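Q: This is the structure, below, for whatever I ask next.
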Amino acid sequence: MTCLICIASVKRNQAVWSCCGCFCIFHLVCIQKWAKDSLFLVSSPLTDDDFGKKDYPWPCPKCRFEYKRSETPSRYYCYCGKVENPPLDPWLVPHSCGQICEREFKPPCGHKCLLLCHPGPCPPCPKMVTTTCHCKKAKPVPRRCSAKEWSCHLPCGRLLLCGQHTCENPCHAGNCQPCPRVSKQRCICGRQTAERLCASPQWQCDQVCGKALPCGNHTCEQVCHAGPCGDCPRSGKRSCPCGKSKFTLPCTEDVPTCGDSCDKVLECGIHKCSQRCHRGPCEICRQEVEKQCRCGKHTKRMPCHKPYLCETKCTKIRDCQKHQCRRKCCSGNCPPCDQVCGRTLGCRNHKCPSGCHRGSCNPCPETVDVKCNCGKTVIKVPCGRERTIKPPKCKQLCSRPPTCHHPTQEKHYCHFGRCPPCRQSCQKTLVCGHLCPVPCHDEALVKQTGLHQSAGPWEQPSEPAFIQTALPCPPCQVPVPVECLGQHEVSPLPCHSAGPYSCKRPCGRLLNCQNHTCMKECHHVTKINGSADGKKAGPECLQCEEECTKPRPPGCSHRCVLPCHPGDCPSCLQMLKIKCHCKLSVLYIECLKLTSADLKEKDLLTSCKNQCPKELPCGHRCKEICHSGCCPLNCNQKVKLRCPCKRLKKEVQCSKIQEGQVSLECDALCKEMKRKASEIKEAEAKAAIEEEKRRQQAELEAFENRLKGRRKNKRRKDEVEIEQSSWQKYKNLIMLPVFGVAVVMIAWLMVYND
C-alpha cells in the first residue's frame, strides 16, 4: 500500500491513520502535516485578531471528507480503535490488534461487526431477521439484516397528507410522495381561490389583512393570516427608551423620554452611557484610559474605543524556521508564516499554495477532468496525471456517420481517433449474381511501395506508408457442384473458377490387357461407339507396356515370356539347377516337373541316389541313401562297452548304448583291486605326515641351540615355581556363594521367629 501524501510504501511497523470516509491509509506524520497545511490555507486570509478563534475543517487527501481541527490525529490506533500502538504480529493483518471489531454497522441496525480487527469498511450485516415489507401487508420472511427492507410491489394504500386520497405507488420505503392531484383551494384569509396541488392545501395570498384592531385607531398590518388579528401593539404599559420608567398612554401617543441618564453599557463593555434618556443607539466611548499595547512593551493614554498598537516588530522565527514574524506589536502568539511556498509542484502546472514550510511539498491538491471523445464521461484525476492516464471508457454509442457504402455502421462505444474498420459483409451483387460475403472493403489500408528510392546505403529505410482506399470485390467463392474430367467425383468449386477440372487422381479405366488400369492423371475420354460405360479405356488413355505380372504356379520363380496379355500364361519349361538333399551333387530338373510334383515325387527328384554323408549323434555315418530331413537314430554298428574300472569289456549295438538298455558293472575282483589301491594311498599319506613332523622337530632343536649360545655369559637364578593346589585356586569361588546362602538363611529365620 502507498501513502498518497508522500508517495512512499506503508510498512507494517509505521504509525498510520485511516480515513473514516474512504478508508484510505496514510502515515500518521504525513496526515498531521497535511492537516496543518490545509488549516493554513483556510486561515491565511484571516486577520490577526481572528487567528486561532474559529475551528476550520481540513479535508481528507483522497475523498475530501472534512474533519474538525480538534479531530487532527495525534495517536496511533488499530483499525477498530481499541488498542493504542498495536504490537507488530506477523500472524495478523498489519496495524490490527487481532480482537473482534465490534464496530456498529452503517447504517446502524443494532448489531456489531464480528470480524477480527480489519482495514476498510465493515461488510453488510449478515444476521438473519424476520421482517415484513414496507407497507406491512405481506407476511414476514427471514432476510439478511443488511437487506431487510423489501417491497411486495403491491399498491401502498396509505392515506396521503391531503386526507382525501391514498397512495397508488407500489410498496415503498419512507413517507409517501405528495398527492399529485390538483384542486381549487382558498387561501388562509379566504379572499382568493386558485388551483393548487392537493398536497399543499394551505397557502397565503399577497394581500395585507387591513382589519381594524380593537383600539379603533390602527389596522392589522399582517399579510393573509388565520385566526384573530390580536391587540394593538401600542396598547398597555410602554417603557421609555432607557427602560427605567413606564407610561400608560393611548395608542395614538408616543412614549416620551424620562430625562434620567441612559446608563446603558457601551460597546467597550466597561463604561456606561452618560447621556440622558434618548432614542436610537448610544455613542462610542470617548473616555481616556491607560492602555497597554498588545505586545506589553508600551503604555499610553488614549480614548477607550481606539485600540493601541505600537510600532515594535516581533523578531521571533516562525514555524517554517526561515522567516521572522515581523508583525507589529505581536502578542507572542505568532501566526504561521504568511508567505507562500511558491515552489513548482510535481504536476509541473501549479506552484505550492501552502505556507512556507520545511521539507518537500505535498502533492498538487488540484484535480483535472479527463473526458472521453464525446465528453459525456468524465473522471477527475490529480493534476499532472492527465498526461499519462488513459481516457475513461465511455458507455455511449459512437454517433459518427458511416464512411462506407452501408447505411448504418456497427454499434460500438465512444472512442478517440478513426472508427474501427467496418466488419459488416459487403453484400454487393457480383457479375455471377451472388452477393459478396466478405467484410466491407471500402476503406482498406494498402501498403505503398516504390514511392521513395534511397539515395544510398547510408540512408535509413523509411517506414512503409499506408493509404486508405476501396478495394474491388474478391472473386466469388460460392461453391458450385462440378464433375471432374474423368467423371470420378463431383466437387464444389468456387463460382469464379467453376469449369471442367482434373481431380489429380489416376484415370483408373481398364486397359486392353485386362490386367492394368490407366495411370494417367484424370483426363478427358472420348466415348467410342456411343458407349456409356465409364470404366473402359479410350483413345486418350495410355497403352500397356509392362511385362506380364500374373501369379506363377507355386514354386516357380520365372517370369512369363510374353508381354502383359489377357488369359492364362503358358507352362514354364526352364531347367532348374538345384542341389540334392546331401548338398554334394548338382541336379538339373524342369521347372514344370518340380512345381507339379507332390512331396514324395519332389524327394525322389532331388535325391542323388548315393549314401548319406551325414554323421549320427553317436559319431557314425548314416547308412541310408540321400534323403531329406533328419537321419534315423537307430545305429546298428558294433561298439565295445567297458566297466567303470576299465578292466572288463563287451561288444554291443550302438543304438542300445544310446538308449541305456545295456550296462557293464565291476565284479568282486575289480572291487578287491580298488580296496588294495586305497590302502596303499593311506599308508603313503601317513608316511608323509611323519616325515613332516621329524623335519619340524629338527628345525626347533637347531633354533634352541642358537639361543643357548647367546646366554652363555649371563647369570640366571633358577626359580622353582610352586604349583598351587586346586583348593587354593578355587576357594574364593566356592566360599563366596556359601557365605551368601548362609546370610540369607539366617535373615529368613530371624524374620520367621519374630
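Each Cβ is built from the backbone N, Cα and C atoms, and glycine gets one as well.
According to TrEMBL:
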type: COILED; residues: 666-713; note: coiled coil
type: DOMAIN; residues: 109-127; note: domain 'NF-X1-type'
type: DOMAIN; residues: 162-181; note: domain 'NF-X1-type'
type: DOMAIN; residues: 215-234; note: domain 'NF-X1-type'
type: DOMAIN; residues: 268-287; note: domain 'NF-X1-type'
type: DOMAIN; residues: 295-316; note: domain 'NF-X1-type'
type: DOMAIN; residues: 320-339; note: domain 'NF-X1-type'
type: DOMAIN; residues: 347-366; note: domain 'NF-X1-type'
type: DOMAIN; residues: 404-424; note: domain 'NF-X1-type'
type: DOMAIN; residues: 513-546; note: domain 'NF-X1-type'
type: DOMAIN; residues: 556-574; note: domain 'NF-X1-type'
type: DOMAIN; residues: 618-637; note: domain 'NF-X1-type'
type: TRANSMEM; residues: 733-752; note: transmembrane segment
Q: Counting only CB pairs under 8 A, let me know which of 109-127, 268-287, 347-366, 404-424, 618-637 has the most with the domain 'NF-X1-type' (320-339).
A: 347-366
Q: Just give the helix, strand and coil counts over the domain 'NF-X1-type' (556-574), going by DSSP.
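A: Helix (H, G, I), strand (E, B), coil: 0 helix, 1 strand, 18 coil.
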Q: Could you tell me what the rest of the chain brings near the domain 'NF-X1-type' (347-366), counting residues at least six beyond its ends with Cβ under 8 Å?
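A: Hits for the domain 'NF-X1-type' (347-366): 4-7, 33-34, 37, 40-41, 44, 61, 318, 320-323, 336-341, 382-385.
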Q: Tally of helix, strand and coil residues over the domain 'NF-X1-type' (109-127) according to DSSP?
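A: Helix/strand/coil tally for the domain 'NF-X1-type' (109-127): 0 helix, 2 strand, 17 coil.
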Q: What is the three-state DSSP composition of the domain 'NF-X1-type' (513-546), stated as helix, strand and coil residue counts?
A: 0 helix, 3 strand, 31 coil
Q: Are there residues at least 6 beyond the ends of the domain 'NF-X1-type' (556-574) whose Cβ is under 8 Å from a Cβ of it, and what are they?
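A: Long-range Cβ neighbours of the domain 'NF-X1-type' (556-574): 513-516, 544-550, 590-592, 595.
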Q: Checking distant contacts: for the domain 'NF-X1-type' (268-287), what same-chain residues at least six beyond its ends satisfy Cβ-Cβ under 8 A?
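A: For the domain 'NF-X1-type' (268-287), the sequence-distant neighbours (Cβ-Cβ under 8 Å, at least 6 residues beyond its ends) are 240-242, 244, 257-262, 303-305.
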Q: Using a Cβ cut-off under 8 Å, which residues of the same chain at least 6 positions beyond either end of the domain 'NF-X1-type' (295-316) come close to it?
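A: Those are 267-268, 270-271, 284-289, 324-332, 334, in sequence order.
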